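Engineer: Sharing a structure here in structure tokens format.
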């Protein structure tokens, strides 16, 4: 263990000491300056730091640094532009983001104040009574009284409870999302003390240092030299709410940022979408292109100056440093063409993504009435990735299934009871077996005892009605079934279990509990029955339990295990062993010593010690529980596979169960070729994979691999590559007996083996690692807490909602964002290249073609509204049509709408439009004169060209869009009207004199010319005519499946008698 990873902190010490645990000594009458404050701060800024810190965050973006440099360069004499036009626009973009962050931070300040100023009852040792104290002032070692329904302000050790047994119940929704109450127990040695004794007794608490581990905590309490073990059952965590308990009294152990809930509030792994990566690559490409243009034009311009310096003395081309002049010219062109890179691209992309996320969250098709939850998009940055998914990795229990268990069958002593049509409690044959006169009564009775007392379920009386609370739905099903068979769990504490059997109450003494872990795959209890006999009761997965069993009809049991698995039932093996007094005494003596250890791995030592008695057991029963599929799972899986998405199910179930579930949920179709990879050694796995690699694997294939084979595959790079190469040829794969760690490794292997987007979906804490590993993580808001949904980028209530999220929202989000980004680059290229064609006519001097304010406002106001609105609402096919023909989803998987080729096609279109936009006015107007007799030159032609530019880019988006509504029409109208209003305002002397001295009267002068009207009205039509004709030709001669479907919907009103022959995009 690293000596620097832990600290021992004494309240009275002035310096921290490097140790492996925390020690708290009571009574503590000294100040405690070295423990962290309980004050919570989630806000980023205060009034003084808001502006500078917000700017610092914004300048971490490379595009903002770029425009900052441009803004600074604009202030020098060589700048061809009015500096305030660019600086003003750039400042608006920064201010927009700054105020947005400030608004969000105000909400965080309010939340922080609400939490920090919450009042609690704290023991004042001077008067030995409770006084009110703000949460932010609570310190380690304080003694608090938490009342019923109050939220716990820090991590607190329970000393006493209003319940005479020292039991308290808490709701941990804020911690793990689970709605079930959890039982907590007061420390036995503190329970009988008075308040005065608690406050004045010399007590030393030794426990783990602060950590984020929510499932493990150990410590010891030394009261008058008597050691008591402490565990997570004695600790109330910050954020949980006290329920069904009047009050508890507790000692503060961890505060503020050292509390477990705060330490778990870590930033999720940073993920960036594939479109974002391509967009960044395009920006670098544009910058390189811009640099080449600037250097080339600067070189030509400098060459012209050097050649004609003496011939054009009127230009005052004084001699200077060749290198210095060249650099200044490069800067001049860089400023002139700075808008080739969009100044507001990232801001507007973020707005579009937020809107698309809003559409997801407000889709009623993804609202689940039973739990009153809707879809949540936590990471709008990845919304377009939903339209490009190629692999889905899914958990089974709680994700594909409902996690609502029904006890259907049981094997006892060679006989199977129950059937799938009814619950086990309704099986008459099993009920008769409970008759004491029955030959098999002893074994049937024993299995009911194990079901009732060997679990983590606890009953609570609430409003005169008993309710069961359980972390495991399997355990709950067994306890409910036992109750139906007249063996009822009445009460459970750390010391006893109360059972009512046939109306008679029995007290069982709980000696020790050896808990379930994902590695152990079992739990056991050491318990004394009312007759005084001591047993070890165990239940768990067959893979581990069979090794512990030495007595019982194993042949019959294993046959039933396979039968239950083929029916898709979840199985548990129940076993027991009677302990003699000597063995119990020896084992318990050591167990007591271990329980009071203060070492970090105390829990692991206890589990190891438990294995000493988990052996030589007698097989009691095999339970079979049904976990029904969620509604719509089969239909959704068919659609996803039809969309070309490969679906992998990662489950802890045995092979037969997993295969049956795969068939029942339509993952495996009746005609599909199923390849099984079941082996016991590495060489066997290698042999199977070699044979498969040499075989022809049809596309309609599925694979099944068991846990042993999978472990060999994942730990051998060559086997992993071979397996993934083979498995991705099929449509689906089922991985059995998978551990949480293996889930993550499988997802990682899938990412390495293919370049497609991966998606992982699950509902439990054991799915978090794979959710964070995948490109996109989706959490199901089920019954196993909220760790999965909190770790995921998106959360749903049902697996069936995935078809709406991917095939509808994801597909459209990808298409919409692709169109938006391409169009955004297009309109910037069109604007910039129109100016670029003017360079040869001004001797490559860097003279700008458009008036200063026009290119800046062009992007920010006049063309952004149509772009934002039309692209955000773009829709080609209805949801129903895509569900009917899911292969339409394939466009995103193949990056059909956004790729480098398509980008350059838009660039070439922009270049052509810029040619029309510049040369039509240039050659069509330059030889004429205006109404005053002056030659039409530069600003006159520039204004005509800019009006044409506004019209052209709006016509372009009209041609490219396939969906129109009133919002789209109004967006274009507003954008064009805003331009004309600005131009009219700038035309006035008073305004133009301040902002654009070249502008007064110019706009009205242009509009008074008939030739100008012809150009601004007919010129744009001429410019976009090729785009329109090419689009028409594509629809006639090269119609893709999506366009065919659009025609069916719009022209033929959805008549599907027209057969679409293509199966792929």
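Just so you know, glycine gets a Cβ as well, placed from its N, Cα and C.
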Engineer: Under TrEMBL, the annotation transmembrane segment belongs to which of these stretches: 880-902, 903-925?
Structural biologist: 903-925
Engineer: Pick from 1012-1038, 1039-1065: which range does TrEMBL record as transmembrane segment?
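Structural biologist: It is 1012-1038 that TrEMBL annotates as transmembrane segment.
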Engineer: Kindly point out the range from 11-27, 28-44, 45-61, 62-78 that TrEMBL annotates with transmembrane segment.
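Structural biologist: It is 62-78 that TrEMBL describes as transmembrane segment.
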Engineer: For residue 737 (ATP binding site), what residues in its own chain, 6 or more apart in sequence, show a Cβ-Cβ distance under 8 Å?
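Structural biologist: The list for residue 737 (ATP binding site) reads 543, 652, 653, 654, 655, 706, 707, 708, 710, given in order along the sequence.
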Engineer: Quick one: do the transmembrane segment (84-103) and the transmembrane segment (937-955) reach 3+ CB pairs under 8 Å, ignoring pairs fewer than 6 apart in sequence?
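Structural biologist: By the criterion, they do not touch.
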Engineer: With H, G and I counted as helix, E and B as strand and the rest as coil, say where DSSP puts residue 767 (Mg(2+) binding site).
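Structural biologist: DSSP call for residue 767 (Mg(2+) binding site): helix.
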Engineer: Can we call the transmembrane segment (326-349) and the transmembrane segment (903-925) in contact, meaning three or more C-beta pairs below 8 angstroms at a sequence separation of 6+?
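Structural biologist: The answer is no, given that the two segments have fewer than 3 Cβ pairs within the 8 Å cut-off.
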Engineer: Do at least three C-beta pairs under 8 angstroms join the transmembrane segment (967-992) to the transmembrane segment (937-955), pairs 6 or more apart in sequence?
Structural biologist: yes
Engineer: Looking only at residues six or more beyond either end of the transmembrane segment (62-78), which have a C-beta under 8 A from one in the stretch?
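Structural biologist: Residues 86-87, 90, 93-94, 283, 287, 328-329, 331-332, 334-335, 338, 341, 343, 345-346, 846.
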Engineer: Let me know the most crowded of the binding-site residues, choosing from 397, 766 and counting other Cβ atoms within 10 Å.
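Structural biologist: Buried the deepest by this measure is 397.
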Engineer: Write out how many residues of the domain 'P-type ATPase N-terminal' (32-86) are helix, how many strand and how many coil, based on DSSP.
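Structural biologist: Taking the domain 'P-type ATPase N-terminal' (32-86) as a whole: 25 helix, 0 strand, 30 coil.
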Engineer: Taking Cα atoms as reference points, rank the binding-site residues 397, 516, 570 by distance from residue 763 (Mg(2+) binding site) and give the first.
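Structural biologist: Smallest Cα separation from residue 763 (Mg(2+) binding site) among 397, 516, 570: 397.
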